[in-house]
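Novice: Submitted below is the structure of interest, expressed as C-alpha cells.
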Amino acid sequence: MGNGVTRTDFEWVYTEQPHTQRRKEILAKYPEIKTLMGPDPHLKWIVSGMVFTQFLACYLVKDLSWKWIFFWAYAFGGCINHSLTLAIHDISHNVAFGNKQAKWNRWFAVFANLPVGIPYSASFKKYHIDHHRYLGGDNLDVDIPTDFEGWFFCTPLRKLLWLFLQPLFYSLRPLYVNPKAITRMEIFNALVQFFINLMIYYLWGLKPIIYLIAGTLLCMGLHPISGHFIAEHYMFLKGYETYSYYGPLNCLTFNVGYHMEHHDFPSIPGCRLPMVKKIAPEYYDNLPHHQSWIRVLWDFVFDDTIGPYARVKRLCKLAKES
C-alpha cells in the first residue's frame, strides 16, 4: 500500500484534470451515453419517502431515553440523513427536475435538507460546482484539506480524530479557503430549516432535534458510509486522483461510489452511472478502485502514506463566467 513514509505535502501536479479529456474520448466513441443524461424521474419520490420516514422517526423517538436516541441516530437516522446529503449532491446537478427547471431543483434540495437538521444544501451547491470545474485546484476546490489538517492529523490517533470531526472541517473549511458571499438561496435554506426545527421542537420536544442533528454529525464522521469521503479523491496510488467503489453501499448512497464515472459525466444521475461503466468498460475496468469503504477508513488511519496530505493539487485558472 505504501512505503511507510509520512507525507509532508500534497501531491502537486501540473496537468489538467483527467476527466475532461476522458469525457471527450468516451462521447466520441459511445455517443449513446448522451441518452443517459437528464433527470431521474424516481429521485423526487425516493427522497420524499426518506424525508417523511425521518419525520415519523421524530415522533417515535420523542419519549426514548437518551442512550437510545443516540443509538438510533447512529444506526438508522444518520444513515438516512447521510443518504439525503448524497441525494442533495445529485440534486445539485439538476437531476431531480432537469436543467430547464433549475429552481425546482434548488427548492427540492432545501426540502431534502430538512431531516439533516442543519442548513446545508444551498451552500453545498455553491461550492460543489468548483469541485468539478477546478478538481484539486489550490484555494478553489474546498474538498481539499488545509495545510494545517495535513500537518497536524498525521498519526493514527489524530487521523481517527480527524475522521470523527470531518463534518466540522467539511462545513467550515470553505469559509477559510474560499469564502463567498452569502446568497439569497442560503438565507432561504436557513430560514426554512430553522422553522421546521422549531415546529418539531414545539410538537415533540428536544429529543427529535438531537436525534436528527446527532445522526447527521455521527454518520458523516466515523461511520462506514463516510468511507466515501476518503475513497473518492485521496491518493491511494500515485498518479490517480479519483477512485470508484462498486460495493453494496452504493444502494444506500445514490451510487456515489461510481465516482470516476460521475466526474466524467456529472449530468448523469446516480441511478444510471453503472450504465456508463457497462457501455464503456475499457475506460474503467483497468483503473484502480475500492472494494470496501470500511477498508478505506482502516487504511487511512493506519497507513502512514495516507492522510489529509494524500491529495492531488494543481494551480487552476479561473474560468470565465457565462
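Backbone N, Cα and C define each Cβ position, glycine as well.
What TrEMBL lists as domain 'Sphingolipid delta4-desaturase N-terminal' is 5-43. The annotation transmembrane segment is assigned in TrEMBL to 43-61, 68-87, 107-124, 187-204, 210-231.
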Novice: Return the stretch with the most CB pairs under 8 A relative to the transmembrane segment (187-204), choosing among 43-61, 68-87, 107-124, 210-231.
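Specialist: Comparing 43-61, 68-87, 107-124, 210-231 against the transmembrane segment (187-204), the winner is 107-124.
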Novice: Who are the long-range neighbours of the transmembrane segment (68-87) in its own chain, taking Cβ under 8 Å and residues 6 or more past its ends?
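Specialist: Distant Cβ neighbours of the transmembrane segment (68-87) are 43, 46-47, 50-51, 53-54, 57, 61, 112-113, 115-117, 120, 124, 207, 210-212, 214-220, 223, 225-226, 228, 252-254, 256, 270.
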Novice: With Cβ-Cβ distances below 8 Å as the criterion, list the same-chain residues six or more beyond the ends of the transmembrane segment (107-124) that contact it, or say none.
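Specialist: Contacts with the transmembrane segment (107-124): 44, 47-48, 50-51, 54-55, 77, 80-81, 84-85, 87-89, 91-92, 96-97, 171, 174, 183, 185-186, 188-190, 192-194, 196-197, 209, 212-213, 216.
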Novice: Can you tell me the mean pLDDT for the domain 'Sphingolipid delta4-desaturase N-terminal' (5-43)?
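Specialist: The answer is 95, the mean pLDDT of the model over that range.
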